[in-house]
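Record features (TrEMBL):
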- 54-78: transmembrane segment (TRANSMEM)
- 84-103: transmembrane segment (TRANSMEM)
- 154-176: transmembrane segment (TRANSMEM)
- 214-234: transmembrane segment (TRANSMEM)
- 295-320: transmembrane segment (TRANSMEM)
Amino acid sequence: MFFSSSIVIFAIMVDRFIGDPKRYHPVVLIGYMISKLEQILYPQLAGTPFVKKFLGGVLVSTVIIFTWVVSYYVYILVFAIHHWLGYAIAIYLMSLTMTWKGLRDAAVSIYMLLMDNRVQNARHEVGMIVGRDTVELNDSEISRATIESVSENLVDGVIAPVFYGFLFGMPSAFVYRSINTMDSMLGYKNERYADFGFCAAKIDDVMNWIPARISYVLIMLAVMIGKFHFRLAALTVRNDAAKHPSPNSGIPESAFAGALNVQLGGTNYYQGTPSFRAYLNEFGRKSEPIDIKKAVQLLDLTMMITVSMLGIIAVLIHLVW
């Protein structure tokens, strides 16, 4: 347990300081497989909701099984070649399931562009990390979108893969990433994906349920240590988290909203169509570019606490075992 947990801890640090490769990322390959399976399965649909859900479930099952088998045997193979070489490779591969550096770098880039009054460039950058229309967003709306993305992806991109990797090993972290990728590609509530992506969306909700609630504890510790608005963060989570359309994303987003005392949620546009999402911390300030910087600070502090707690847990387990 101590050995496998140390892989996860070192992987977090590798992700923070090295980040993802520019090419040949495993998640990109998983996305390619999802697209190909969708092309194979979707044209065969008879049109009934049951058939769509069934074939969507076939896609999800295929991707999960394939991802687990490949990642498991890669894990076994690298250790069979050489113990310490396998250890180093496992750390690097595990780091590829996380997006701490990528997430903070994107947010910092948007913050710097806004501070330089390069709003058009900031719109383009934020469009790379959110699904809403961004071509007409002002500074405040860009800031809000960035903070929402940082808080939500703290769970999806870091806490959840760390959780599954720590408990069940590297292959489980890759399985989680495959599920999260399927949700991001198929989990839309539109005519094409409402049924076909149903299974992907629901299993993603299930897989994120525990990590999202763990994130609340970690974020609140960071809020307390970093002297953010602790009481307001706790009240916002209690009052507003359930208003979010996701059973999980509302927790970190409302915690960030209260901690920074900013209003999140509101009206977004998707392909020109308005979509209103309930406010989180409704009476908070409108987001400003400086709040992006504060959100990144809260992200970093949360992750440092995460690493510290993982280390303590690993040592305690090692001593007791």
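One-based numbering along the chain as shown.
Each residue, glycine too, has its Cβ placed from N, Cα and C.
These figures come from a predicted structure and were not determined experimentally.
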Among 54-78, 84-103, 214-234, stretch most in contact with the transmembrane segment (154-176) (C-beta, under 8 angstroms): 84-103
Chain residues in Cβ proximity to the transmembrane segment (214-234) (below 8 Å; excluding those fewer than six residues from its ends, i.e. six or more beyond): 154-155, 159, 163, 251-252, 254-261, 281, 284, 294, 297-298, 301-302, 305-306, 309
